[in-house]
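Q: What follows is a structure written as structure tokens; I'll ask about it next.
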Amino acid sequence: MNMSEAKRVTEFILLTFPCSRDVQILLFLLFSVSYILTLMGNGAIVCAVKVDHRLHTPMYLLLANFSFLEICYINSTIPNMLTNFLSESKAISFTACFLQFYFFFSLGIAETFLLPLMAFDRYLAICQPLHYPTIMNNRLCINLVVLCWVTAFLCYPVPIYFITQLPFCGPNTIDHFVCDPGPLLALSCIPAPGIELSCSLLSSFIIFITFFFILASYTLVLRAVFRVPSGAGRRKAFSTCGSHLVVVSLFYGTIMMMYISPNSGNPAGTQKIVTLIYSSVTPLINPLIYSLRNKDMKAALRKIQKCTKISQD
């Protein structure tokens, strides 16, 4: 039997969170509210940066792009998860599953590239303040952002192509709410240690390189901050970087648990909770983390709120 004859599976079943019908409806309502709040919070940051010309600086352009990325990121998983809560079949086609896999991972990789870029921006602003305006201008910032997006979407097409060529002849049930490489490789009719190893090495390489770049950037930032003579200057520098460090800790802490090894033996429940944290919870709280600690962002959001009230009147 060749590959084309063996590959009989035309759809997968995403179990999401197996529970009673009443609990499924409750989860649907809970995640619907979370989804709407995430869209509103991140959308408000994008609008604030676009409307307020004072925020047309590399730092806020990166933040607006990061918020836009978070909107795309949750849209790769949450709408399908909400549909599954109300669906009896919970089916997703073979093609749709691998498209979700591609966009979910590509957007996740884009985030791992954007976070180091934001750390590099803070390093330049704090450690090289005199040269910062000439080094990190808006044009360079936009070019680097485009490079992050393009590179991220070029990382996984080849591994995903090889996974699609594996024979999936049943069962087709994925105990997850997203098409993830670990559960997918487990459903293959033949073992694929080479593909599993390549996915693990690629994920590990991207995660560790970007994480150590962030670590090195903030090590230099902390050295510079401790040399600042005034306490007010140190507090301002810590406030500027604190929100970014919180986001980095949440994101990298969870993805390291999941993707250093796709089949690391984590129970399905643990995998779902960890994935939920970095794919849904983090995008929800990011607007709060960034806006509550930033006076300029709070002022821009208040300005939008006033304009909205005036237009309604």
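Cβ coordinates come from backbone N, Cα and C, glycine included.
As annotated by TrEMBL, domain 'G-protein coupled receptors family 1 profile' applies to 41-290. Taken from TrEMBL, the feature transmembrane segment covers 25-48, 60-78, 98-120, 140-163, 201-226, 238-261, 273-292.
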Q: So, taking each listed stretch (25-48, 60-78, 140-163, 201-226, 273-292) in turn and counting its Cβ pairs to the transmembrane segment (98-120) that are under 8 angstroms, which one gives the highest count?
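A: Checked against 25-48, 60-78, 140-163, 201-226, 273-292; highest Cβ contact count belongs to 140-163.
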Q: On the 0 to 100 pLDDT scale, where does the domain 'G-protein coupled receptors family 1 profile' (41-290) sit on average?
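A: Across the domain 'G-protein coupled receptors family 1 profile' (41-290), the average pLDDT comes out at 88.
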